[in-house]
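Straight from TrEMBL, the features:
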{"type": "DOMAIN", "residues": "90-235", "note": "domain 'EamA'"}
{"type": "DOMAIN", "residues": "253-385", "note": "domain 'EamA'"}
{"type": "TRANSMEM", "residues": "85-111", "note": "transmembrane segment"}
{"type": "TRANSMEM", "residues": "123-143", "note": "transmembrane segment"}
{"type": "TRANSMEM", "residues": "164-184", "note": "transmembrane segment"}
{"type": "TRANSMEM", "residues": "196-213", "note": "transmembrane segment"}
{"type": "TRANSMEM", "residues": "220-240", "note": "transmembrane segment"}
{"type": "TRANSMEM", "residues": "252-271", "note": "transmembrane segment"}
{"type": "TRANSMEM", "residues": "280-302", "note": "transmembrane segment"}
{"type": "TRANSMEM", "residues": "317-336", "note": "transmembrane segment"}
{"type": "TRANSMEM", "residues": "343-363", "note": "transmembrane segment"}
{"type": "TRANSMEM", "residues": "369-387", "note": "transmembrane segment"}
Amino acid sequence: MPGKLSLSKKAKSWLPPQIAPAPPVTTTPVLVSITTIDLSTLVSPTSVLKPSENCDLTKNVSTNDKQNQDADPLSEPISKCIAFWTLYGGIFMSLSASIFFSVAFLLIKILEPHGVKSFGASLLFNLGVLLPCTVLIILNEFGPGWKNRGRVLKGIWPLGEETVLAYMLVQGLLQASSVVLRSLSLRHLSVGDMTVIVFSSPVVTTILAHFLVGEEIGIIFILIAIFTLCGVGCVTKPPIFTGAKEFDTGSLIGSAYAAGAMLTLSMKFVVTRKIKDTHFLAMTFFLGFTGTVVSLPLFLAFEDASSIIPTSEKSLFLELGLLSGFGAVASINLALKLEDAGVVALVRSCDVIAAFMLQFIFLGVVPDLLSAIGALMVWTGVLVAGIRKYLKDKQARKAETETIDRNK
């Protein structure tokens, strides 16, 4: 036909295959099933907010807290106990230390007729500190739940330049010397008179801290110190007051031992301020260990080794009572960590009262007029010094708080 192109069979074979007419495609309808997923099953029912709650997250949090408190009914009493201990734990420990020290040295006085002398009594006292403390340290370090507790020997071991071990050894030597001297003084003095002299140590501690550490003291404190030392002088019973021609030898020797114990104890308190952050069990352990090392050679050298072996049930009971030494030393260390030194000194004023009461109840010893006057003077001086220290610390804390508030 004119105007129409015709291709040969050979030319048609060169055409691309896609140009060739495609065969018809038959489509089959496919049904797709969509499963509905309930998203509410993927979320905790307690976290889904209802529309009526208007997304009040505070309400949900308080509701959950209330549910937790209901689930643990002991949480509130435990919190109250912790708060009470934080406020009054230091005062309670100071009072406990006063009672334990008075009981321990009363027992040392009572053990004297049973053949237990000064060095043997000092050894028993220090063993009474060392043995219970060792058990408690082992339980703390290796007992159940030890991973959740603080380490007792932190800062002590391993040895290093910043270790407090040297301070603790010096503290232990001073404590051991104080216990030995107090035990020696009880050969010549009553428990009350010895306690009065040793109890003046807080005043002497402040004086020593002024020269050794550089703490400030004013004219008022100097007057308090003089007044307190006059009270100590009354306890020594000078001839001018008794009408005798010379000092009573026994009272003078006993007072000298007690004064030495007071000085060593005062220096011990100064050293304690350097290691205040150390665990109280570590401090107590080193005090007992050092005291045992000091008193054991003295006991073996100057006294009969069999003198501390109990010969009756009564002597055994009395010697076991010297375990109160642990309560005394641990309580005073813990009190100084929980409370200011001024408050501790105030509460420790009960030492004198407890000593006189216990010696009257168990020994029938009534203090004479000079002992009573001296005790009253020393007690008043330490009490005033403690109040002064407390007010001074309170004012310093208030000024520090105001400075922090201004900086904010």
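Yeah, the Cβs are placed from backbone N, Cα and C, and that goes for glycine too.
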Distal contacts, the transmembrane segment (369-387) - CB-CB under 8 A, six or more residues away: 190, 192-193, 196-197, 199-200, 202-203, 206, 221, 224-225, 227-228, 230-235, 237, 241-242, 342-346, 348-349, 352-353, 356
The domain 'EamA' (253-385) - residue tally per DSSP class, helix then strand then coil: 112 helix, 0 strand, 21 coil
Cβ contacts under 8 Å made by the transmembrane segment (252-271) with residues that lie 6+ beyond its boundaries: 167, 170-171, 174-175, 177-179, 181-182, 184-189, 193-194, 197-202, 204-205, 208-209, 212-213, 232, 235-236
Long-range neighbours of the transmembrane segment (280-302), counting only residues six or more past its ends (CB under 8 A): 119-120, 122-123, 125-131, 133-134, 136-137, 140, 152-153, 156, 168-169, 171-173, 175-177, 179-180, 272, 308, 325-326, 329-330, 333-334, 337
Tally of DSSP helical, extended and coil residues in the domain 'EamA' (90-235): 112 helix, 0 strand, 34 coil
